[in-house]
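K.L.:
Before I ask anything, here is the structure I am working with.
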Amino acid sequence: MTQTARGSVEASVDRTAGTSSEPIFESIDPRTGEVVGTHPIHDQEHVSEAVRTARDAQRWWEELGFEQRKRRLDAWRELLVSRLDEAAELIAAETGKPMDDARLEMVLVVDHLHWAAAKARKVLGRRGVSPGLLMANQAATVEYRPFGVVGVIGPWNYPAFTPMGSIAYALAAGNSVVFKPSELTPGVGEWLCRTLAEVVPEHPVLRVVTGFGDTGAALCRAGADKVAFTGSTETGKRVMATCSESLTPVLVECGGKDALIVDSDADLSAAAEAAAWGAVSNAGQTCIGVERVYVVESVADRFIELVLGRAEKLRAGGQSTADFGPITMGSQVEVIREHIADATRSGGRSLLGGEDSVRPPYVDPVVLTDVPEDSAAVTEETFGPTLVINRVRTAEEGVERANAGRYGLGGTVFSRSKGVELARRLRSGMVAVNSVIAFAAVPALPFGGVGDSGFGRIHGADGLREFARPQAITRSRFRMPIEPMSFGRPKGAVRNLVRLMRLVRGRR
Ligand code: NDP
């Protein structure tokens, strides 16, 4: 069997691992084409077995309770901090991103892991609620129990941070996890699994299965109790369809086409800096990256000048001094090229770079303006270091245009007087006002989208609850003098109840 990792610089090849006939594939450094590691292509049988063993591990993990789990997750966090550069090197090798960006990714991982472990008991633990008027004799409690085994399917652009948004929160909630990393970044997935096993040697509460899309589909069919998917909208739909066969619940975190709105009273240099970082960092391969800007006409010229001043100095490359790295997934290069071409064909103007900026595997920054709103560069996720800046009469018009798309992941607003007001009108899961992407680094905030960006939430209390099922329990403390839900109720009991209701609930 020969399989090709999509987008690899060199085609990944089949080989057989040692004496076993298990097919394997290679992960490739997109900067050099060098092989970073070889990994098995796991089939349905292997994936189902991984879920079965994770189920045994989960029983033990759940029994440990919040405190014991926290101790172990804290130990993992400490290990991740002490070996942060080791993780960053692997992330940099498999994605091509600069070391400092890989380090930053790990810093965020560590902070989220800390939050999830620290808050799990408070958010999910058993608590009493008022039993209400009718059931005053009941003690009512709710607690959030783990699902069991959670299957996590992750992308390659932030191969540690993105899946850990599910893995850390699912583990803190008492689930075990079977993780299928992207075929482009399997080494990072395996590293995460190995390091957790070092501090939790007793049972494999995190297992990793590697391979291509078929391995991901196998995980959807392997009997997991929930599947948390992060990736493109198209694959998200396929994951949902497969999970529907067994009514497996899904969390779907997909792509975006996030907009940045610049109001007439905005701090323009801060807005320009944010636009440049939001669009170009990680070579634009960020689901919550800034892909388009709507700037109010009166400040547009100055804003554009500031953006260009910043962006024209930025260069892609594989060397340590590069501002950002390559396009990790080779096949995306053509999508980026086509979006630039479509924008200029349909009347848009290039202010910086153009089709010539595409020099695989690198793409230098491209800034476009006056791009028609129905052009692919405005409507589709480009996932490259490109930015469309369109002028609007008012910030409100910018909001309208931002909301016209099918995605609704994040957003950014720069305004001194009405930042939050504009933010609240954006149809998106998260908004940063007067900064960019800040919400992803606040562990207490939920992260997720609407529309084609998916549904469900990672991070924060909502992210913990996403990996738990609420269980409601009532315990009778004493017998009511009149029990209306009994065949032994006296005649007139319900009528008296209705009278009582009229009295207390029938008026304001
Ligand atoms: P893909 O949708 O191509 O792949 C995501 C994962 O799904 C990979 O592990 C992939 O495996 C796996 N997969 C592929 N086919 C199937 C299938 N039929 N059944 C189950 N799993 C499958 O996304 P990318 O990896 O290219 O990631 C980029 C996308 O992720 C962008 O759209 C980006 O916006 C989005 N993203 C969203 C985030 C969010 O939080 N909303 C965060 C980060 C990225 P394989 O790689 O082996 O094909």
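Glycine is treated like the rest: Cβ placed from N, Cα and C.
Worth saying up front: this structure is predicted, and the values here are computed from it rather than measured.
Just lifted these from TrEMBL, have a look:
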- E253: active site (ACT_SITE)
- C287: active site (ACT_SITE)
- 22-472: domain 'Aldehyde dehydrogenase' (DOMAIN)
- 1-33: region 'Disordered' (REGION)
K.L.:
Sequence gap of 6 or more, C-beta under 8 Å: which same-chain residues meet both conditions with respect to E253 (active site)?
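P.N.:
Counting only residues 6 or more apart in sequence, the Cβ neighbours of E253 (active site) under 8 Å are T162, G165, A228, F229, T230, G231, G236, C287, F447, G448, G449, S453, G454, G456, I458.
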K.L.:
Please classify the secondary structure at C287 (active site) using three-state DSSP.
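P.N.:
Looking at the DSSP assignment, C287 (active site) belongs to neither helix nor strand, so coil.
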K.L.:
Return one of helix, strand or coil for E253 (active site), based on DSSP.
P.N.:
strand
K.L.:
Please work out the number of neighbouring Cβ atoms within 10 Å of the Cβ of C287 (active site), leaving out its own Cβ.
P.N.:
27
K.L.:
Can you work out the mean pLDDT of the predicted model over the domain 'Aldehyde dehydrogenase' (22-472)?
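P.N.:
Taking every residue in the domain 'Aldehyde dehydrogenase' (22-472) and averaging pLDDT yields 98.
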